[in-house]
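Q: Submitted below is the structure of interest, expressed as structure tokens.
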Amino acid sequence: MKTKTCKNLISNEQIQEVQEVYDTFKCRNGEMDKINIQYGFRALGVRLGEEEVEKIFKNQQYINFNSFLDIVTPLIYKIDVYASFEQAFSLFDRDGSGYITFDDLKTVAINLGEARSDSKLYNMIKRADLNGDKKISKIEFIQLLYWKKIY
């Protein structure tokens, strides 16, 4: 059943929040229609276009809670993962420049008690630096985490 998979992607508190949003925007028949689903998604911080909504409601007028949860869970998970990546990036981007430099990486390594040689730190930058500017942008950092499956 898909709901079990959903429970693995988001927390019980998030599932409870989805339930509260569903209960707030459901129709009198206990299910959600095309109009109210848009409100529900927005309340959860998710934006869907008209075409995506049409796909959800293909050949039906309403969806039940389990369907709503199955649809919204991966979207919430993506938002959470991206937010976690941004938070991790900001820990490395010590000066808020939008980049992780060699000095940023070295400072973090020292603060974590990770003794790394300069050459190892430069190699770490080099592996993540996709455009060759000798620093890691937020996009490069996130791509590295996805590529290495560190999430």
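Keep in mind that glycine also has a Cβ here, set from the backbone N, Cα and C atoms.
Residues annotated as domain 'EF-hand 1' in Swiss-Prot: 80-115. The Ca(2+) 1 binding site feature in Swiss-Prot is assigned to ASP93, ASP95, SER97, TYR99, ASP104. Residues or ranges marked as domain 'EF-hand 2' by Swiss-Prot on the basis of sequence analysis: 116-151. Per Swiss-Prot, the feature Ca(2+) 2 binding site maps to ASP129, ASN131, ASP133, LYS135, GLU140; the stated evidence is sequence analysis.
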Q: In terms of DSSP three-state secondary structure, what is the assignment for ASP104 (Ca(2+) 1 binding site)?
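A: SS state of ASP104 (Ca(2+) 1 binding site) = helix.
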Q: Counting by DSSP secondary structure, give me helix, strand and coil numbers for the domain 'EF-hand 2' (116-151).
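A: Counting residues per DSSP class in the domain 'EF-hand 2' (116-151), I get 21 helix, 2 strand, 13 coil.
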Q: Count the residues of the domain 'EF-hand 1' (80-115) that DSSP assigns to helix (H, G, I), to strand (E, B) and to coil, and report the three numbers in that order.
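A: Across the domain 'EF-hand 1' (80-115), DSSP assigns the residues as follows: 23 helix, 2 strand, 11 coil.
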Q: Over the span of the domain 'EF-hand 2' (116-151), how high is the average pLDDT in this prediction?
A: 84
Q: Relative to the mean position of the Cβ atoms of ASP129, ASN131, ASP133, LYS135, GLU140, the recorded Ca(2+) 2 site, which additional same-chain residues have Cβ within 8 Å?
A: TYR99, ILE125, ALA128, LEU130, GLY132, LYS134, ILE136, SER137
Q: Once near-sequence residues are set aside, which residues in the chain of ASP133 (Ca(2+) 2 binding site), 6 or more away, have Cβ atoms under 8 Å from its Cβ?
A: none
Q: Using all protein chains in view, find how many other C-beta atoms are within 10 Å of the C-beta of ASP93 (Ca(2+) 1 binding site).
A: 21
Q: Quick one: Cα separation, GLU140 (Ca(2+) 2 binding site) versus TYR99 (Ca(2+) 1 binding site), in Å?
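A: Cα to Cα, GLU140 (Ca(2+) 2 binding site) and TYR99 (Ca(2+) 1 binding site) are separated by 9 Å.
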Q: Between TYR99 (Ca(2+) 1 binding site) and LYS135 (Ca(2+) 2 binding site), what C-alpha distance do you get in Å?
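A: For TYR99 (Ca(2+) 1 binding site) versus LYS135 (Ca(2+) 2 binding site), the Cα atoms are 6 Å apart.
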Q: Let me make sure I understand the structure: which of the binding-site residues listed (ASP95, ASP104, ASP129, GLU140) has the fewest other Cβ atoms within 10 A of its Cβ?
A: ASP95
Q: If you measure ASP129 (Ca(2+) 2 binding site) to ASP104 (Ca(2+) 1 binding site) at Cα, how many Å is it?
A: 14
Q: Cβ within 8 Å of the Ca(2+) 1 site's Cβ centroid: which residues qualify beyond ASP93, ASP95, SER97, TYR99, ASP104?
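A: Other same-chain residues with Cβ inside the cutoff are PHE92, ARG94, GLY96, GLY98, ILE100, THR101, LYS135.
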Q: Near SER97 (Ca(2+) 1 binding site), how many other Cβ atoms are within 10 Å of its Cβ?
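A: Neighbour count, Cβ to Cβ under the 10 Å cut-off: 11.
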